[in-house]
Structures are given as structure tokens and as C-alpha cells.
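Colleague: According to Swiss-Prot, the protein has these features:
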type	residues	note
BINDING	13, 83, 84, 135, 245	sn-glycerol 3-phosphate binding site
BINDING	13, 17, 267, 310, 411, 415	ADP binding site
BINDING	13, 14, 15, 267, 310, 314, 411	ATP binding site
BINDING	83, 84, 135, 245, 246	glycerol binding site
């Protein structure tokens, strides 16, 4: 029977989705399930790994049954996942020994501070391209081994396995056939040497993490295992693609040439610039990471993460009650010709790239008696664009490549005002794709390439479709004046920090 589809699992921070794509890269069907967020203490975020599995299984069942999809028509399965989130489980029983510690969680902060105080930042930066931060997986693993009785000894005996969410899903979908991850996820653990392309013994020793726990690292497009027959009505499907969510979006946006950039406007913003075979070391507070591994070689990227983007609109809606629906923000923003000199620096949980300051908090500047709700909302949307420019200016400086366009995805960029203002403040066109599910599409493309469903990246690039192109309209002098005001606001925010 000729395969018609590729299936993607998009396992995110708040929900799991299953999306079926046809050969043209169009969506045939989808299903989604949310799951619980667990907050044991302020600043800690955990998930139940078993509930994540249940949510994934439910989406697969719903998608296939509702669409009456014959599993024999599915060529392959690709997985994309929330990165850095950490699971440790029992090799024999498959049961997790602790909740998954989520990428957002700060519970391993003290371990990070110890590593910094011992002077290990330069080593970690050189080997991994990352900063010492609780964001990444390594200190989360150390925390679990420290806080679950007997875990260190069991790990040393080879009884425990570690994985990011992709590894956890492949292990369970395959019935324990494969304990694997891909280069893009391994590069986010703080344990992987992005130059030698292997787990780094010095970093493992630094945190006393046994190598026996770690998954095998493979290309992002490869047949790792097959699904257990019971998942697809006794029809095993090759699990053939893995990529962390932001790298998958870069692939789904067909950013295959050095210098191409995508920005995902979600709860936060995540920008990746493809840098090809070169691992560019940042001088400006960005992360050097692996984009993907294909055909036995890896390609690299520069990454900048903004902690608060679309969530500022949720704050306007839920916290301040300024709007009833997120979509109302656009209508309010265009009621005024500008923000009236108001700047919002949404450092609610600190500032990410390129500042990396967790000790600052949000601030607002330029308020007058004439400031009203529309100015406030407009300033909140403009803050996303200013933060994006901060990161993209750093990327261009690091890579020595001038930005010619920005490919944008994510829910927030459906806001036409934001898209237009972003193009204005960057001075380059913003391209919004026809298909916004670029993360899942990237995972599908990687899986499809592994089994020959798609033949090449050139074929994939030709399928990329444009919804709308936003050209910059603002005069250069006005653009730079507005951005200078933003820089002043950030400088003042950095000066007013918390202990």
C-alpha cells in the first residue's frame, strides 16, 4: 500500500499534539491534549512523564479514529519536543523515578551557582556553546540523583536512564527498543560536546553523572526504531525523525542556508540563525547550538531566547483585564498613532538573550496623564519587536552576516500590527508562512526524508508557501529614535534589579 502521510508528534510545554501531513506538506488532520503543570515550590515546574505519555497516546487515537486513517498509509513518525525537560526512569520497569523537571524550572539554580563559583563557566561555554543555567538538562539530572534515595548508586549500576522528552517518547513508543536522542536535543543538555559530537567526559565528571544513563546520539533524520504494534492496529511505523522544537521550526521554515533566520513568537520568542558547518562562538550573549544532524554531519545555529513575548498579552488579558481576548490587542494598538512615548520592558522573570539577567524585573517608562489603555497595549506589543531586534543585532554581529529577511511563526505573529511593526523596527521584510505549524512540519520533514517520502531539502524548500510579506515602511531616522528609547528603557531596568 502506497504511503500517503507522515505523522508528527509535537510534545510541548502545556499540551501534546499529533498532526498528519500529506506529501505537499499540508495538514490532513490533528488532535491535541493538554496536561497538568505541577508547581511544587515557587519557581519550580514539573510534569508527570506518565501523563505526557497518556496525552500523546490520546492524540494518536483521536487523530486516527476521527480521520479514519489507515495506519498502513503512514510512511513514518517524527517527534519534536519541548527541549531540556528532563526525565530519569528505571531501565527495567520503564517507570520514572521522579516527575520530569521542566525547562522553565529553577530548582537546580544552587547547583548552577556552585559550578560558577568553582570557575567552570569557560569550560562549559567552550565545550557546549551554552551558559551554566538551570534552563539546561544537566543540573536537573544532578538534582534528581541528589533528591531520590539511592538514585546515584542505581545510575552507576546502569539501572537508570536519562532522556529529554524525545528519548522518553521513543523508548515508550518502541517498547524499549531504543534509548536514543538526536544532535539537536543532546546539544541542549550541557553535557554534549558540540565539536567532538560526543558526551563530554569532563562535564560528566563535573556533575558526577554516569555515562551509562545517557542515550545514544543519532542524526535528526534516521530510522531509530518501530512503534509497538498495538499503537497502530498491528502495523509498526518507523520512528524516523527527532528534533527539539526550535530546531524543528527552523527546518520547517526551510532555513537551510547560512544566514537564514526564523523567529517563533509564542509564550516567549526563540530566534535561530542557521550558520552551516561553522559553530559560531557568540560574543554577544547568544547560544551556539546544533541545528540538526543529517547525512552523517551536523549543521549549527546561533540562538537567542526571549523569556516573555506572547505571555505579555496574556498578562494584559488575565492580570490587568485590559482586553477580553488576545486578539483584541491589535484593534487597541492601532487606535493610537504610536505608544505616546511609553516603553514596557517585560522582564517579569528576568531578561534572556542577549542580557541574561535573572535579577531584573519588569518596568514601564514614559507614562503621563495622557497615557491610556491603547498606549499600554501598543507598548506591550512593540516590546516583542524591540526584544527581537536586540537578539537579531547580536546575531548579525556574531555571524558577520547581514539579515535580509525574517521568517516568522508562532501564534503571536498572527497579529498584523506586530508583524508590520517588527518589519519596521528591523528594516527588513518579515515573511509569515502559509502553514503556521512549522515545528510539527519540521519533524515530519525529517522523518519523511529518512524513509524517502520526500527526496531532498530542495523539494522541501520549494513547498514553503507565503501567507503575507510585511515590508518595512518606517523611515530610518524614526526607527533608530524609537529603538534608542528602548535601549534607554532597558538600561534603566537593568539598573533597578532585585536581590
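The backbone N, Cα and C atoms fix where each Cβ goes, glycine too.
Tell me what's around each of these sites.
Modeller: Its own atom aside, the Cβ of residue 13 (sn-glycerol 3-phosphate binding site) has 19 Cβ atoms within 10 angstroms in the protein chains shown.
Neighbours of residue 135 (sn-glycerol 3-phosphate binding site), defined as other CB atoms within 10 A of its CB across all chains, total 25.
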Colleague: Provide, as an integer number of angstrom, the distance between the C-alpha atoms of residue 314 (ATP binding site) and residue 83 (sn-glycerol 3-phosphate binding site).
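Modeller: Pair distance, Cα basis, whole Å: 23 Å.
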Colleague: State the Cα to Cα distance, in Å, between residue 15 (ATP binding site) and residue 415 (ADP binding site), rounded to an integer.
Modeller: 22
Colleague: Given the recorded glycerol site (83, 84, 135, 245, 246), which additional residues of the same chain have their Cβ within 8 Å of the Cβ centre, ordered by sequence?
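Modeller: Sorted by sequence, the hits are 82, 85, 103, 188, 244, 270.
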Colleague: What is the total of other Cβ atoms whose distance to the Cβ of residue 245 (sn-glycerol 3-phosphate binding site) is within 10 Å?
Modeller: 27
Colleague: Can you check which residues sit near residue 14 (ATP binding site), meaning Cβ under 8 Å from its Cβ, same chain, 6 or more apart in sequence, and list them in order?
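Modeller: Set apart from residue 14 (ATP binding site) by at least 6 residues yet with Cβ under 8 Å, we have 34, 35, 37.
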Colleague: Apart from 13, 14, 15, 267, 310, 314, 411, which residues in this chain have a Cβ no more than 8 Å from the mean position of the Cβ atoms of those residues at the ATP site?
Modeller: 12, 266, 311
Colleague: Quick check: of the binding-site residues listed here (83, 84, 135, 245, 246), which one has the Cα closest to that of residue 17 (ADP binding site)?
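Modeller: Closest by Cα distance to residue 17 (ADP binding site) among the binding-site residues 83, 84, 135, 245, 246: 245.
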